[in-house]
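> I have a structure I would like to understand better, so I am pasting it below and will then ask my questions one at a time.
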Amino acid sequence: MASDTRTHDVRDELVVVPLSHPWRWISGAVIVLVIAGLGWAMSEARIQWEDVPGFFTHPVMLEGLLNTIVLAVAAQGGAIVLGVVVALMRLSANPVARWFAVGYIWLFRGLPVLLQILIWFNLALVFEDISIPMLFSVPTNVVMTAFVAALLGLGLNESAYMAEIVRAGLSSVDEGQTEAAKSIGMTPMTTLRRVVLPQAMRVIIPPTGNNFINMIKGTSMASVIAFTELIHAANNISSRNLEIMETLFAAAAWYLVMVSVASIGQHYLERAYGPR
Amino acid sequence: MALVEAIGVRKSFGHTEVLKGIDLEVERGEVVCLLGPSGAGKSTFLRCVNHLETIDAGRIWVDGVPVGFRSANGKLHELREREAAHQRRDVGMVFQRFNLFPHRTALENIMEGPVQVLGRGRAEVRAEALALLERVGLAEKAGAHPAQLSGGQQQRVAIARALAMKPKLMLFDEPTSALDPELVGEVLDVMTSLARDGMTMIVVTHEIGFARSVADRVVFLVDGAVVETGTPADVLDNPQQPRTQQFLAKVL
Ligand SMILES: Nc1ncnc2c1ncn2[C@@H]1O[C@H](COP(=O)(O)OP(=O)(O)O)[C@@H](O)[C@H]1O
Ligand SMILES: [Mg+2]
């Protein structure tokens with residue numbers, strides 16, 4: 001008991017000195033200085049800041065925005081569907097399907113997206129018509145618009161990545177889950193839909209969200225085939241008034257808006273499918 | 001005809017033969033406990049009865065239906081996975097690791113089969129599921145997710161999930177082996193009451209006490225073959241075969 005009281009006394013006498021963090025203050029100050037410097041440089045730069053809001057809401061810019069969104073959503077949506085199919089082939093018992101999936105992923109993941117877009121866009125050079133004998137035939141240059149070429153280039157490349165993401169997700173679900181589903185008489189389709197996919201979502205959603213954000217930015221590659229997405233729209237505007245930086249900044253602002261919205265959406269999706 | 005008839009069931013994984021010709025009959029309302037050392041093939045046999053594994057030779061009938069086959073024109077046709085799923089509706093299975101669906105509540109786990117597989121209305125299924133939860137003593141846990149339940153509670157929900165399909169036969173694969181000792185009793189109690197209600201059960205277990213008090217018959221399996229079978233009193237208290245004696249000496 002006596003020793004107890006003594007420890008108590010000793011502790012009470014001592015003054016506590018909180019740990020000081022001088023480097024936090026110093027590094028913080030450096031960062032603030034750098035940002036202030038950049039801000040000052042921007043205000044000094046020869047940029048007509050007052051013109052940027054006008055370009056931001058310019059009808060051509062808004063058209064580019066709409067096209068960007070449609071292209072990104074369509075390419076990602078198609079890629080998700082294709083990715084699930086290819087992932088299921090990759091995991092299937094049929095060796096032909098498995099090898100097809102491996103080859104598919106190898107090809108569409110292996111080539112640069114820009115190259116794929118250019119190949120699709122120029123398909124008419126080598127195939128005059130796209131046809132299935134006795135079923136239909138259409139001239140290639142009618143079908144292969146800039147939008148379709150960009151959709152194929154972006155979507156097929158992304159579908160190869162989605163196939164790998166979905167496969168990882170499906171494989172992450174414990175075998176016992178499938179067994180339990182079978183044991184209550186579930187068919188393979190119902191098992192996939194009700195048991196495996198919902199649990200795989202936890203693994204699938206985060207990288208898919210990241211990929212979609214990349215997809216939004218990737219649509220800019222469609223500008224090389226004169227598809228009016230944001231960058232091509234910005235170029236259209238600046239080719240008339242030569243305010244190149246101002247229009248690019250307006251486009252940049254739209255990208256940041258889209259990416260921010262996508263990030264928020266991803267956050268809520270992750271919460272909905274997250275661990276309980 | 002017995003509810004389950006297995007004749008000459010053989011099963012190999014690669015080059016190792018795991019089941020070497022199993023014969024077993026289970027009458028309606030009978031409780032059979034499968035005993036034997038680890039690796040004897042007990043789980044594999046149960047999985048064959050539910051067609052989670054296909055057998056290489058022999059035949060299993062459940063309620064007169066050949067498991068994994070459809071008979072037509074005097075021939076047996078192998079079932080597609082869809083048709084096999086239909087056959088499994090009549091057989092419930094309880095796993096060592098529970099295997100509840102973690103993204104659904106206890107109630108939803110139980111409703112999943114009747115609603116998704118049998119296509120029955122949610123309202124009546126819900127009422128039945130709640131009654132089943134009551135029966136396994138978990139009425140107040142309807143809204144809980146599996147992660148919020150103890151092992152014993154999860155296993156009782158798993159039993160209720162199997163019962164929701166109104167199976168003719170229940171298979172238990174070491175249902176208490178993954179449980180903390182103090183939780184074993186609550187699961188065995190549910191199984192005991194199920195047996196008393198006349199359910200036909202095949203139970204793989206190391207709980208000799210349960211086998212002694214509940215089983216109508218005990219089957220002792222070693223290295224993929226039945227070495228001894230009989231009433232609990234015969235096999236457990238007066239084993240004839242040296243392999244049975246050795247095993248019981250270790251377990252008891
Ligand atoms: N899917 C499988 N692939 C290969 N071997 C397996 C598989 N399942 C079980 N086995 C083997 O079969 C034997 C019997 O296993 P099991 O039926 O689980 O025995 P028990 O349930 O009696 O312990 C073991 O040697 C095990 O390693
Ligand atoms: Mg086992």
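Using the three backbone atoms N, Cα and C, a Cβ is placed for every residue, glycine included.
No curator has checked TrEMBL annotations; they are predicted automatically.
Quick caveat, the model's predicted, so the values are computed rather than measured.
Pulled from TrEMBL, these are the listed features:
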- A:65-266: domain 'ABC transmembrane type-1' (DOMAIN)
- A:23-43: transmembrane segment (TRANSMEM)
- A:64-89: transmembrane segment (TRANSMEM)
- A:101-127: transmembrane segment (TRANSMEM)
- A:134-156: transmembrane segment (TRANSMEM)
- A:248-269: transmembrane segment (TRANSMEM)
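Could you place these features in context, so I can see how deep they sit and what lies close by?
Residues 49 of the same chain lie 6+ residues outside the transmembrane segment (A:23-43) yet bring a C-beta within less than 8 angstroms of a C-beta in it.
Distant neighbours of the transmembrane segment (A:64-89): 97-98, 100-101, 104-105, 147, 150-151, 154-156, 158-167, 170, 208, 211-212, 215-216, 218-220, 222, 227-234, 236, 251, 254, 258; these residues of the same chain sit at least 6 beyond its ends, with a Cβ under 8 Å from one of its Cβ atoms.
Taking Cβ pairs closer than 8 Å, the transmembrane segment (A:101-127) reaches residues 86-87, 89-90, 139-141, 144, 146, 148-150, 152-154, 156-157, 159-161, 163-164, 218, 221-222, 224-225 in its own chain, all 6 or more past its ends.
The list of residues near the transmembrane segment (A:248-269) in space but at least 6 beyond its ends in sequence, with Cβ under 8 angstroms from a Cβ of it, reads 47, 52-53, 55-56, 58, 61, 64-65, 68-69, 72, 205-206, 209-210, 212-213, 216-217, 230-231, 233-234, 238.
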> Can you name the far-off residues of the same chain, 6+ from the ends of the transmembrane segment (A:134-156), with a Cβ under 8 Å from a Cβ of it?
67, 71-72, 74-76, 78-79, 82, 108, 113-114, 116-121, 123-124, 127-128, 215, 218-219, 221-222, 225-227, 229
